[in-house]
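K.L.:
The structure under discussion is supplied below as structure tokens; questions concerning it will follow.
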């Protein structure tokens, strides 16, 4: 059955339900590589800590996310899911989860209009019920309810879209308010909290909290050590070059590769490219990160210096217009340009509208400038590792998603301990718990601390072992 043609009766929207069996086989493989999630299922399945939780999920609909969804359901939650990126869905994963009865709204290559339609659908629960928790990646689900509720009171907030994505979002909100003037505030009032996956979404949350605009409590999953120092670093170290090579078949060795941004994501990208014997150059605004890059042997330059010389460009900053039209105009013919930050505006793709676009294959485009020079743009400036490959490996996502699951349990079952409008991180003992759950899979054995040793360094025998301010 093709779900796209069956929407009148089906509470889901995926590309092709005939892919479900394939997706299920890959889910089975992923489970063997996700020990954290499987251990959490075993620990909490009987107690059902998420019973009564209705989770609106906005996160890349991949095989690994399928294991997360089924973990949440195994712990008692009801879930509705959409992808947080128009290119990141794995259609067989979406079909496999939809086949279990969990509503999924995600298609690889969906339009922006469909993207925001699907994000609305995760808040449209049957029988007059509403979501009471959000699991977010990038903050779009959180943004949607807050912006829509503001628009109910002041329509002028939708008057001046600053991008094509905002134009589509604002139009979707206006259409929804025309049908139900209280659609957003009704749903916003029911949310007990959000757990946020990624750096960009966390920045949004802190901005909202600082302005007094955040309507519920939030847990910043990204800054758990077992997320940011593993997913962001080790995940990108493997998935970046996977995406670039699947898209272009380029030989990386000997090329000059520029990594814009040397945070955890940038560090992983630089390591990956250097391991393939690229000459790695780094651009940075932060003197500490710049010094780290220089001490690793990377050349620290400006984008203006790098543009005419490099062969591969990767943005990993979380900022916007890091690579501009002027930079791309200065690049060599056939330079490869891609982004591994959450949003598509790190590269100023909108400034290329007057260029000729030639699709080489899905998510790989030649952009031809008026002088005939071409660059190769990957995933139209969106996440290259998910647009051109399948994202991070299952094992490292087990660590991230174990944090997400624990954060959902924490925020749902102990909601009174978290103040509305504030952003929290998981306590250190839970961070260490996530790490413990993954050691056996790698054959790692911890040394046990004796009581006299614990007394000597003034820590509990069972941890936590580091103060909150410790930098891993």
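Numbering starts at 1 and runs along the chain as it is shown here.
Cβ atoms are placed via backbone N, Cα and C, with glycine included.
Swiss-Prot lists these features:
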- 62, 137, 197, 227, 231: substrate binding site (BINDING)
- 198-200, 232, 261-266, 284, 319, 340-342, 385: NAD(+) binding site (BINDING)
K.L.:
Within a 10 Å radius of its Cβ, which of these binding-site residues (227, 342) has the fewest neighbouring Cβ atoms?
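P.N.:
Comparing Cβ neighbour counts within 10 Å for the binding-site residues 227, 342 gives 342.
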K.L.:
Compare the C-alpha of residue 62 (substrate binding site) with the C-alpha of each of the binding-site residues 261, 263, 284, 340, and give the closest one.
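P.N.:
Going through 261, 263, 284, 340 one by one, the Cα closest to that of residue 62 (substrate binding site) is 340.
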K.L.:
Please work out the number of neighbouring Cβ atoms within 10 Å of the Cβ of residue 284 (NAD(+) binding site), leaving out its own Cβ.
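P.N.:
A count of 23.
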K.L.:
Find the longest CA to CA distance in the recorded substrate-binding set 62, 137, 197, 227, 231; express it in Å as a whole number.
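P.N.:
Among the residues the record ties to substrate, max Cα distance equals 18 Å.
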K.L.:
Residue 200 (NAD(+) binding site) has how many other Cβ neighbours within 10 Å of its own Cβ?
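P.N.:
Around the Cβ of residue 200 (NAD(+) binding site), 18 other Cβ atoms lie within 10 Å.
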K.L.:
Among the binding-site residues 261, 263, which residue has the largest number of other Cβ atoms within 10 Å of its own Cβ?
P.N.:
261
K.L.:
If you compare CA-to-CA distances from residue 342 (NAD(+) binding site) to each of the binding-site residues 137, 197, 227, 231, which comes out shortest?
P.N.:
137
K.L.:
Could you list the residues of the same chain, at least six apart in sequence, whose Cβ is under 8 A from the Cβ of residue 198 (NAD(+) binding site)?
P.N.:
137, 138, 222, 342
K.L.:
If you skip the near sequence neighbours and keep only those at least six away, which residues in the chain come within under 8 angstroms of residue 265 (NAD(+) binding site), Cβ to Cβ?
P.N.:
199, 232, 233, 236, 316, 340, 341
K.L.:
What's the CA-CA gap between residue 284 (NAD(+) binding site) and residue 231 (substrate binding site) in angstrom, rounded?
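P.N.:
A Cα-Cα distance of 21 Å.
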K.L.:
Show which residues of the chain containing residue 197 (substrate binding site), separated from it by at least 6 in sequence, have their CB under 8 Å from its CB.
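P.N.:
59, 135, 136, 137, 138, 221, 222, 227, 400, 404 - these are the non-local Cβ neighbours of residue 197 (substrate binding site), listed in sequence order.
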K.L.:
For residue 265 (NAD(+) binding site), just give me the three-state DSSP call.
P.N.:
helix
